[in-house]
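In what follows, a single structure is set out as C-alpha cells and then discussed.
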Amino acid sequence: MRVNEKYSTLPAEDRSVHIINICAIEDVGYLPSEGTLLNSLSVDPDAECKYGLYFTDGKRKVDYVLVYHYKRPSGSRTLARRVPPSDAALAAARSVKQDQPLPGQGRPVGADEPEPPADLHEDKQSRREEYEGNLLEAGLELEHDLDTKIHGVGFVKIHAPWNVLCREAEFLKLKMPTKKLYHIHETRGLLKKINSVLQKITDPIQPKVAEHRPQTMKRLSYPFSREKQHLFDLTDKDSFFDSKTRSTIVYEILKRTTCAKAKYSMGQGGGRKKESALLSKRRKCGKHGITSLLANGVYAAAYPLHDGDYEGERVEFNDRKLLYEEWASYGVFYKYQPIDLVRKYFGEKIGLYFAWLGVYTQMLIPASVVGVIVFLYGCVTVNENIPSIEMCDQRHNITMCPLCDKTCSYWKMSSACATARASHLFDNPATVFFSVFMALWAATFMEHWKRKQMRLNYRWDLTGFEEEEDHPRAEYEARVLEKSLRRESKSTETDKVKLTWRDRFPAYVTNLVSIVFMVAVTFAIVLGVIIYRISTAAALAMNSSPSVRSNIRVTVTATAVIINLVVIILLDEVYGCIARWLTKIEVPKTEKSFEERLIFKAFLLKFVNSYTPIFYVAFFKGRFVGRPGDYVYIFRSFRMEECAPGGCLMELCIQLSIIMLGKQLIQNNLFEIGIPKMKKFIRYLRLKPQSPSDRDEHAKRRRRYEADFTLEPFAGLTPEYMEMIIQFGFVTLFVASFPLAPLFALLNNIIEIRLDAKKFVTELRRPVAVRAKDIGIWYNILRGVGKLAVIINAFVISFTSDFIPRLVYLYTYSADGTMHGFVNHTLSSFNVSDFQDGTAPSDPLDLGYEVQICRYKDYREPPWSEHKYDISKDFWAVLAARLAFVIVFQNLVMFMSDFVDWVIPDIPKDISQQIHKEKALMVELFMREEQGRQLLLDTWMEKGRRKDEPCNHHSPKAGPDGPEYHGGVL
C-alpha cells in the first residue's frame, strides 16, 4: 500500500480519509515502511539524475533535510545503499508510533518505568524516532539515507504533500495569486514618454531575468483557503507553491512539532530524581521541536535545499544558477539587482536587506558627486587661502613653543606648511554647505527607502501582513520548566508560569556591569594610544636625523591610527560574542525579542568601539593641554598633545579615512571572503574520507543534500546590517571633516553587494524564507544616527575647524576686511623665562639664535599684560560665536529635515491607488461568487419545485431545511 505517493492526485476530502486510515493502521501495529518512509526497493531509474533533489521515486520533491550523526557499524560500506545493519531496521520502523518496540530492545519506548539509554547515541536515536513519528502524524513524508558519501552522517529527507501544503498555507494566511488578472496603473502623457526613454537608456544595466521586467498585469492575491480553491490557478499544483514557500511551511511544522512522549515518559512517580529526569527530557526535546533538538545535538543540521548547482556544463537551468549569473558575479557589478528573484529564492526578509542596500548605494551616488566637488573646490582654492599662505611664508619668521618638554626644541611655523595647505582641502566654506547637504541627504534617503519599501510590500503581496507572535524559544521553555519545578508545580501547569523581571534581574545586573566594563576597556585602550603618541613623539624628537624630526606628527598620527584600527577590528569580534552571550543569559521569550536585544547591545558596543578614537581627535585633543609653563599632564609624566597650527581637522580626516577604509577592506571584505572559505576547508578536512572505500564513494558526485551540508550555516542578517550601519555613521557623523567618505562608501558597496550575493548563493546553506514587511529595528537606528549626525557635524564645524574663528576675525577684527593677519591673531605669546624648572628645551639654540618669546595657539593675554597668560576677551567672543552657530545650525537643519519628511509622502500615490483598487476588485470578486452561488441555489430549488408539481403527494419541500439539501456549494 503506497498511500503517500497518491497525495498529489487525490481530492482534499479523500486525502484526509487516507491520513486517518494510515494512523489507524499504525495503531494496530502495521509498519508501512515500504511505501511511507523508505521506498528504497522501488528506485526510479531517472532518480539518480536528480542528484538528491527528489525522493528515490523521482517524483516527490525534497522540501527540507534533517542531518544527524550516528555510529556506523564496521563493514557497512559494502552493503546495499540505504540498508546498513540495524540502522536499516531502525529506519524501516520509523513510521510506527513510539509504543512499538525498537530494534534490539525488549520494551517499547513509552513503557512504564523505562531504563535510560545506556549510550548517548541510542538516547538521541530514540528521540529522533519519536520526533520523526510525530512528523509523520503531521502529514509529512520522510525518507532516510544512511549510506552517504559523508562518513557517519545520516540524512532525513522531508516532503510535504499537497494536502499538508494547503492546510499550512491556510494556517499561515499566505497570500497566493488568484485567477483574477487586472491592469496595473500606468503613467500617461509626458511621464509615460519619459519612463519609456529611461527604460531604453537603462536597459543595458537591467538584469536579464523575467521577474525584473516591468509588469502591466498583476494577479489579485488572497489568503489561501481550502474552501476557496476554485479562486486560485491550480492548473500546475507542483509549481503553485514554490520551493521557498514549501520549505517555509515545513519549517513551521518542524518548529511546532513536539516530543510529547519523551517529555512525559520519565515523569512517572515522585521525588526529586523523577523531576530531574523530567527536566532533563524536557531540556533535550523542548516544547517546540527542531530548535531544541538542534541545540542539544539530536540533529546536526536542518536546512532547505538549494535548487541545484550554479556552475558546470551539464547543470540544469534553475533559479540558483540564474542568480549566480545575473546577481552574484562581479562581472555584473554595474547592473541593477534582480530583487524580485532574490525574494523568490531567499524570502522577503533577505530580499528587503538587499533592496535596502541597493537603495543606500544608489543614494550614495549624488552624495559622492557633491563630496568630490567640495574636495576639488578645496584643491582649486588652496593657493588663494590667505592663512595657509601666511603660515608657509618664511618671511614672517614665527617661532613656536616646543611640542614636548626638554627633548623638543623651538620650531618655525613655516615647517607646518604642508599640513596647513592639506587642511584647507577639508576645512573650507564648502564643507559647511556639504554638512547641510548630507543632513538633508540622510532625511531624503530615509523617505526614499520608506516609499521603496511600500512598493515592495505591494509587489510582494505584503500589504496587510502582520507578524504573528513567535513560538517561545527552547531556552525560555527550559527556564520556565525549571521555575515550575522549583515551585513543585504539576507539569500540566507549566504553561501558566512565565519569567518575570525578578527572574531576569541577575542577568540585567550582569548586562549593565559588563557593558560599562567593556566601554571602560575601550576608553582605556584609547588612553593607551594617547600615551603611545605622546611618548613616541618625545622619542622621535631626540632623533639626530632632521627628516625624522620634521615628520614626527605624520609618523605618530599614522602609526597610532593603525594601532586603533587593529584594536577596533579585534574588539568588534570580541564584543559581538559578548553581546550574544549577554543576550542569551537574559533568556528572551521569542526569536524577535532575542534579535532586537542582541542588535541593541552589539550596536552600542561596536559604536563606542569604532568612534571613540575619532571622538577624541574631534572634540578632546588640544582642548585641555594648558599653556607653556602650566601644561596638563597625564600621570604627572605625559604632557597632553596639541593640535597642529592648522587645527585638528586634518588629523581627524586621517583618522577617519584610515579606520573607515581599513574596516571596509579588512573586516567587511577580506573576512567575509576568507572566513567562510576557511570554515569550509576545515569542514572538508573533518569529513575527508579515511579508508580507500570511503575515497571511492567520495569521488562520486555528491547528492544535493550532501553538498549543501558542507556549506556554511546561515547566521542571520545582523552582521550584514551592522557593518552597513557603522559605515552609514562614518558617512554622516563626521562628513564635515572627510567629504570623500561617501565616495569610498559607494565603491565599497558596489563590491559588497556582489560579495554578499556570492556568499548567499555559493557559500551558505539556503536560509529558511522569512516573511517581513520592513527592516525592523534597523530603521530606527538609522534615524537615530541621522539625527545624531546633525549635532556632531555642528560641533565639528564649530569647534574642530577654524570656520568660526575666521568668520569672527573677518567681521570683527580685520582691518581691511580680508584674512590677512588671521594667523597672528590666533597665536598668543610666551616669555621663555617663565618655563617651569626642567621643562625648557635642552638645546635652546637649535634654530641658530636665542629665543626670548615663543608663540602658541590660544587666546590668552601676553606676558607684558597685567593679567598675563589669562584667557582674553577674544576667546569668549569666539566661544559665543561657536555656540550660537551650533544652535542655529542644528535647529535649521533639523527643521529642513523634518520639512523633507513632511513633504515626501510615505506611500506613493500610485501604490495607494493600486491597494484601493485591489480591495475593490476583491469585494467585486466575492460579490460575483455569492451571486453565482445564490443563482445556482435558486435554479436548483426551482427545478425541484417543478419536479414535485406533477406528483400528487405531500413530500416535504426541498430547501435548506429539507432532507435533500446538499449545501449548494460551487
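Backbone N, Cα and C atoms are what each Cβ position is placed from, and that goes for glycine too.
These come from TrEMBL:
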| type | residues | note |
| --- | --- | --- |
| DOMAIN | 54-339 | domain 'Anoctamin dimerisation' |
| REGION | 94-131 | region 'Disordered' |
| COMPBIAS | 118-131 | compositional bias 'Basic and acidic residues' |
| DOMAIN | 342-918 | domain 'Anoctamin transmembrane' |
| TRANSMEM | 353-377 | transmembrane segment |
| TRANSMEM | 430-449 | transmembrane segment |
| TRANSMEM | 508-534 | transmembrane segment |
| TRANSMEM | 554-578 | transmembrane segment |
| TRANSMEM | 598-619 | transmembrane segment |
| TRANSMEM | 724-747 | transmembrane segment |
| REGION | 947-970 | region 'Disordered' |
Paired segments the transmembrane segment (724-747) and the transmembrane segment (353-377) in contact, 3+ CB pairs under 8 A: yes
For the transmembrane segment (554-578), distant same-chain residues with Cβ under 8 A (at least six beyond the ends): 514, 518, 521-522, 525-526, 529, 532-533, 536-537, 540, 548, 602, 605-606, 609-610, 613, 651, 654-655, 658-659, 662-663, 666-667, 719
Model confidence over the domain 'Anoctamin dimerisation' (54-339) (mean pLDDT, whole number): 73
Long-range environment of the transmembrane segment (508-534) - Cβ separation under 8 angstroms, sequence gap at least 6: 404, 501, 556-557, 560, 563-564, 567, 571, 575, 578, 582, 585-586, 601, 604-605, 608-609, 612-613, 616, 634, 638-641
